Amino acid sequence: MESSTQTKPGSLIVVGTGIESIGQMTLQALSYIEAASKVFYCVIDPATEAFILTKNKNCVDLYQYYDNGKSRMDTYTQMAELMLKEVRNGLDVVGVFYGHPGVFVNPSHRALAIARSEGYQARMLPGVSAEDCLFADLCIDPSNPGCLTYEASDFLIRERPVNVHSHLILFQVGCVGIADFNFSGFDNSKFTILVDRLEQEYGPDHTVVHYIAAMMPHQDPVTDKFTIGQLREPEIAKRVGGVSTFYIPPKARKDINTDIIRLLEFLPAGKVPDKHTQIYPPNQWEPDVPTLPPYGQNEQAAITRLEAHAPPEEYQPLATSKAMTDVMTKLALDPKALAEYKADHRAFAQSVPDLTPQERAALELGDSWAIRCAMKNMPSSLLEAASQSVEEASMNGFPWVIVTGIVGVIGSVVSSA
């Protein structure tokens, strides 16, 4: 469906629908669902299922392969094989899974690996995962101060390490030690083993957030705050189900290494770094975080400078034609058009009417920087840098590209393989 180098008929594209019904499905995922020869889906809400069925009439619901007491791994093997069978029959297959199709999803990875090993085109497209929803709903940044993510049973079985100075996210906390499936939910009888481990690492008084992402647009997420010790209470423990996730905030901030700060030259000469990294805004779930004020001296000065702001010389405002906007949109959302373009950049670019000469040259080349130059009002200083970068790339074995002249946005671009 996408590559001109494919020699065997049949392909597999795996996409995600996000967690919240319909609205978190990407435009890219939707375009592949619409273009597929056959769609296999496993989603958790009927509105998303109904929406998928309006976009492609040749669909199979994979959820029917779950059963009470049946091994989930057996189900996953069957799901993968159902998709692979149609790929081997020469169809362009799309597998649709809720959330991100590669995050806590086994059959997608299995099917892709086997398809690739057999010589078929296979690709996974990103989607909105439950973890993405958690970051948004709890307003935490995984980069500050770092984040560990584990599956709860694996966390216990393999004694995965904990860094009490970073975020910890545990998935599938409502089915600890359970390998089969039950339509009525899981008997989470081994849950206290997980609580024991968390108490060992953090103590009974540390915060844990019981999180469930909203699955319908009219719902709010569950963000219940408890102590780890409270998880032993039956009334609280029974709230934890198959779609529950735990977020455990850092226990304390780690001291910075002042020697490394100096080596990296992060601070002006003579300035002494604080013992702790101060932040704003603070993490509402984290205790005792050294926090900066929202409007300190530096912030107030930066806001004052807005009054005299003028775009810098190297700022790049958009300056593109409707034809270029339309064709780039088509390449993003039409898998068949994308396949045609990848097969022959030059022929495809020549078939598009109303492009400027610069836009057509950039489209023929297919280089992201050249396309950016054509669509933006690119300053000459950046164009010269682009020219130098292209020249260096050609020396390293990339296709030979010569920027022969700079006229307007970009000059004529000559490319030969």
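Backbone N, Cα and C atoms are what each Cβ position is placed from, and that goes for glycine too.
Since this is a predicted model, take the numbers as computed values, not measurements.
Candidates V43, V93, V176, V403 were compared with Swiss-Prot; the annotation N-methylvaline appears at V403.
The S-adenosyl-L-methionine site in Swiss-Prot is built from Y98, H100, V103, A130, A213, S244, T245 plus one of Q64, Q78, Q172, Q284, namely Q172. In summary, of the candidate residues V96, V209, V407, the record from Swiss-Prot lists N-methylvaline for V407, whereas the others have no such entry there. V401 is the residue among V94, V327, V401 that Swiss-Prot describes as N-methylvaline.
If you compare G95, G99, G177, G411 in Swiss-Prot, the N-methylglycine annotation sits on G411. In Swiss-Prot, the entry for N-methylthreonine among T48, T404 corresponds to T404. Residue-level annotations in Swiss-Prot identify, among I44, I212, I406, I406 as N-methylisoleucine. Same-chain residues at least 6 positions away in sequence with a Cβ under 8 Å from that of V103 (S-adenosyl-L-methionine binding site) are, in sequence order, S129, A130, E131.
Break the region 'Clasp domain' (252-378) down by DSSP state and the numbers are 63 helix, 4 strand, 60 coil. Geometry remark: A213 (S-adenosyl-L-methionine binding site) versus Y76 (active site), CA distance 24 Å.
Under the three-state DSSP scheme, T245 (S-adenosyl-L-methionine binding site) falls in the strand class. Each of the binding-site residues A130, A213 was scored by the number of other CB atoms within 10 A of its CB, and the lowest score belongs to A130. Summary for the active-site residues Y76, Y98: the Cβ-based neighbour count within 10 Å is maximal at Y98.
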